[in-house]
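Below is one structure; the comments refer to it alone.
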Amino acid sequence: MEPQPLDPPDISLENLLRPMLPPGAPIPDYDQLDYSFAIEYSGPVGDHPVPRADPLVGSRDSSSQVDSSSVSKTPRPKPSALHIDTRKRAHLAAEKLISESGSARSPITGLVEKDSSSTTGRSPLSNSGTRGKAASKEKEAGSSSPDSRLAYSGLNSLSRKSSSSEIEELNVQFSAAVSAAASALPSPSALRSVSLSENHNLENSDFHSTPRSISMPERDRADGSSRPGSPSGVTAVEPVVVVTKKRECHRCLKKHMLQEKETCLVCTARYCRNCVLIAMGSMPEGRKCLRCIGLPIHESRRPYLGKPSRLLKSILSPLEIQQIMRTEKDCLANQLRPEQLIVNGRALAAPEMSELLSCSNPPPKLKPGKYWYDKTSGLWGKEGEKPSKIVTAELKVGGNLKPDASLGTTEVYINCRQITKSELKMLKLAGVQCPPSTYLFLSPDGSYMEEGQNNYKGNIWEKASIRVMYSLFSLPTPRGSVRANKPSARELSARYPPAILEHKNVSKLLLLGHEGSGRSTIFKQAKFLYRGGFEQKELERYKEMIQTYIYKYLVILLEGRERFEDEEGDALLKIKCDPPATGETSKNMYSMDTRLKNLADWFLDITADGSLERYFPAATREYAASVEELWRDPAIQATFKRKEELHKLPDVAGEFLERVVELSSNEYEPVDHDILYAEGLTQGSGLAEIEFGLPDREQTSGAMHDTVDYSPTGRYQLIRVGGIGLKEGKKWLGMFEDVRAVVFTVALSEFDQLWIDSDGVARNKLLISKELFQDIVARPCFKGTPFILFLNKYDKFEEKIMKGVPLTTCDWFSDFSPVGVPHSTQAQQAYTYVVHKFKKLVGDRKLYTFQLNALERNLVASAFQYVKHILKHEESKAAGWMALPEDSSYCTDLSSYSLHSARQENGNSWDR
Ligand SMILES: Nc1nc2c(ncn2[C@@H]2O[C@H](COP(=O)(O)OP(=O)(O)OP(=O)(O)O)[C@@H](O)[C@H]2O)c(=O)[nH]1
Ligand SMILES: [Mg+2]
């Protein structure tokens, strides 16, 4: 039989394209198609192997079929047929889609996209991104394959969120094109060891097998146990710097003497214009060779981040350059890692670095290294050197400033740092008197005073000539005009309370205490009681604060859940003694289903990399339902039951999480109760003051007889020293020598709670309060000042004692043994014992104590009346009268006031 002639292959464009596209994908419009073809090389044999180009005519051959194990599960186009220009098209389509969908996109989408260049940039609501074991499996299987990494991040995230097959298709084509290009044309060195046929095999290509250190939390790696090694999640792998001859292209090894080259940000290999796109692919992290993707950049290249070269401009469209430069600047792998910055002797954590970089005046061109930072003035410099910059003050970054931070030898100190000779010279020029052993307190605007003295002395930046001199000597000066920076009276009062307050004829009350003891609550109650509450602007701030804090509380719970799940798993394992089969994870009451776990992981990730505050409260509404779902999950509820073990979780967490949907709505307005429950006054807590007149007793409860105003002026000023203020600003205390009384708050209920200090050491909270109290009582500036101890949170204290939590949990109370006393509950006995312990601390000195529940407004009013009595008493004592007010509702001993007596006076009607 005569052989039938074979049909000529159908070489229509459609048939050519079909194998390149995923099954079922529509053929793109011919007019819009941007394509090119590779033809087989038939020239003379050269020095280097030439990549093979397989013809695409006809149906796909078996060798081009993608291994079904490939997680992308999409056929890869043949390397030869799809030119890199496809990227352009994919990219433009993505841009188009972004611009079209821009307005309709939810804030979540926008936010996630923004972050998509970073490790954690995955939609929390999609299942694609998993931290932990799932992610690690995915990685092993290749699903977090180079495809997904190579695709433009924006495009990638779009395809994840959008169901648009077009985008997915483009993404796949684009990734495949790059992979193809990479594997088809590896570097000469790779070619030396890889045969052409291997080279042709995408799965075996050098590109695929190159180990990556892309931002994968450490626990996702070998042991699967720990949190990310670096907070940023980028493993600190030292890049291997490629040494090439100066003018040689690292890929083709040609010299191209006069041609510009593009340099890899990681290994510094240089590529000529013909090789750059092949060597660097789609540049998902900017200008890096394919094998360097995921690696941290070489520090010498940091100044070039985001700055396109002329070469790039000549081969890519402006839109592409814009996108590449954006990813280059934003992508996580290219960021400075927090641990590379040592500030005041301590490596930064991710949230600290993000605070530093996002402040209004960050240090410019930061490089890895050791720095010192003066939080009070904002001065910033390299360790052992004079200051180089004034950055935003009061940032919570790094350790404590050391006197020798700048290796000064002048014996003149600014905010505890011994200054350098050039600074001293400048200070003298500015007319500041500074003989040896001068201790100056300098604020960010240049105003200064001598430490321990209450007078504001002047401003070193005031004269323009001085500022010029400073810059001549390379010393930093503040940005903008000093006049504009002049602090308001209110700001000054916070900085130099005595200077501002001196002229006022008020009785100053200093409100001190350890974090969480209730200082702000008392302050807020004073505002409600005597100043008519909060203004609209302040309410807005509280709203924002509450909405942000909910997420922080959630994250504490999520971390706790993980811990408990592991512990429980280990415990069950010990009981069972038979380890689960490989890959099987034992479930317990703290385990969550995969979807919620993904969501939880996302929250933990954005917290770990310090971007939680970038998302919230902005996206609070979108996530409220998810947070509620998480909160209601049995695993989280089981975790919450063990809240005492979650040291950072405040008491209010449950209350706020319970109402997350309501609190997250736009219409939500904080009510008094919410404001009191919200921790702190404002997010940045330092010094705050409020002035008020105390009304006569009759006005507040109607049951008091004291109609005489004992205060000299009838005006009081309550000054709250907040968390940071007290720790770093202990020197301020010396400036409050004219206060009439120190009100020290202690949260009684903390006797069984732990506090993790900055060194990670857990300590009993009440013991910390005790030490702080002892420290302050012992200060010479408070030698003759009456101390009033507000023993707060009695409600919680009572609840705990009644529940059987032993007071002896706190070592300080180890000798407490309740005895059966008629008409006295165990809680009252415990309270009396605690009062006794505190009084013993001050020896012969008088210590006034007041039992308080600061959430009860009337009780706080009584507390202030009590303070007023004390002041009167102290005044009489000083005048030698020694008469106590007749009515003394403070029982036999003015020095103690308990809720018991207060309740009797007020007929037990304590409204919140
Ligand atoms: N149950 C109970 N909770 C209280 C009491 N006093 C304060 N709280 C809560 O304790 C938490 C911490 O109180 P804050 O007033 O912020 O304490 P603080 O840390 O000293 O204040 P800042 O200096 O602003 O940080 C808040 O959620 C308050 O609502 C109390 O007497 N009983
Ligand atoms: Mg607080």
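Keep in mind that glycine also has a Cβ here, set from the backbone N, Cα and C atoms.
Lifted from TrEMBL, the feature list:
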- Ser520, Thr682: Mg(2+) binding site (BINDING)
- Leu676, Tyr677, Ala678, Glu679, Gly680, Leu681, Thr682, Asn792, Lys793, Tyr794, Asp795, Ala854: GTP binding site (BINDING)
- 59-72: compositional bias 'Low complexity' (COMPBIAS)
- 84-98: compositional bias 'Basic and acidic residues' (COMPBIAS)
- 117-130: compositional bias 'Polar residues' (COMPBIAS)
- 1-29: region 'Disordered' (REGION)
- 41-152: region 'Disordered' (REGION)
- 201-235: region 'Disordered' (REGION)
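Everything TrEMBL records as a feature, shown here on the structure.
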| residue | record | Cβ within 10 Å |
| --- | --- | --- |
| Ser520 | Mg(2+) binding site | 25 |
| Leu676 | GTP binding site | 22 |
| Ala678 | GTP binding site | 22 |
| Lys793 | GTP binding site | 25 |
| Asp795 | GTP binding site | 18 |
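Taking the Cα atom of each, Ala678 (GTP binding site) and Ser520 (Mg(2+) binding site) are about 9 angstrom apart. Of all the binding-site residues in the list Leu676, Lys793, Asp795, the shortest Cα-Cα distance to Ser520 (Mg(2+) binding site) is found for Leu676.
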